[in-house]
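Asks: First the structure, then my questions, so here it is.
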Amino acid sequence: MPKLIPLENGRTLIQVGKSPLSADYFDPHWWQQLGKVNAIGQGRGEVWFVHHQSQDWVLRRYRRGGLIGKFNRYLYLPQPLTATRPYRELDLLERMCELGLPVPTPIGGLIIRTAFGYQAWLLTRRIDQAKDLFDLLRQSPLTETTWHSIGQTIRNFHNEGIFHSDLNCHNIMIDTSQRIWLIDFDKCDQRAVASSWQQANLARLRRSFEKESSKHAIFHWHQQAWQWLLGGYQHG
């Protein structure tokens, strides 16, 4: 279970494991001053890829989406600390790691509370030598074996009751050893196993393939690939 460490000025660190954390770790400008920012990206939030000692980390700032996000990008409604977005995501990541599921290793989080709500940051280890499925499909077709592995991996998560609220081709990673990983577990949870949400998860993933396929002239997804994925899922 993540540990809460109160700081001054409404800040609270969320520590996973025994490695010491600093509030500086959640400040992109601090990393930039050290020359440790390898890249900056976009996901469900703002993302910085940083290097610390011998490890590569991913620093993500939680950002609201949709219509609300156009007017309020970073502030979330007040919640007990253990109900905040980063605490819940880190807690789930820690449990999934204990189950041996292929997810990023959690490091910690930072919550900054004000009278009107809170802002938040998340820190995880970067998956070594991995690309997301979207980028790979823009480059070349995947083998039947890889599609089977994707389906089997999703089934392994489902067998443990892991519901991914945004399962799409951007949140599936494949490393150079062909291991499949899932990322971005904001608003996800562990729940009772049921075919209803499992099938809804798969339907969401299929819609993401169809959406990207309609947007890009080169995107190596086809109905046979989906059948291979389902075959892996059914035998997972």
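Backbone N, Cα and C atoms are what each Cβ position is placed from, and that goes for glycine too.
Values in this document were obtained by computation on a predicted structure and should not be read as measured data.
Here TrEMBL flags 34-236 as domain 'Protein kinase'. Positions annotated as active site by TrEMBL: ASP166.
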Asks: Over the domain 'Protein kinase' (34-236), what is the model's average pLDDT?
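Replies: Its mean pLDDT is 95.
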Asks: What is the Cβ neighbour count of the residue listed as 'active site' at a 10 Å cut-off, with all protein chains included?
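Replies: Other Cβ atoms within 10 Å of the residue listed as 'active site': 16.
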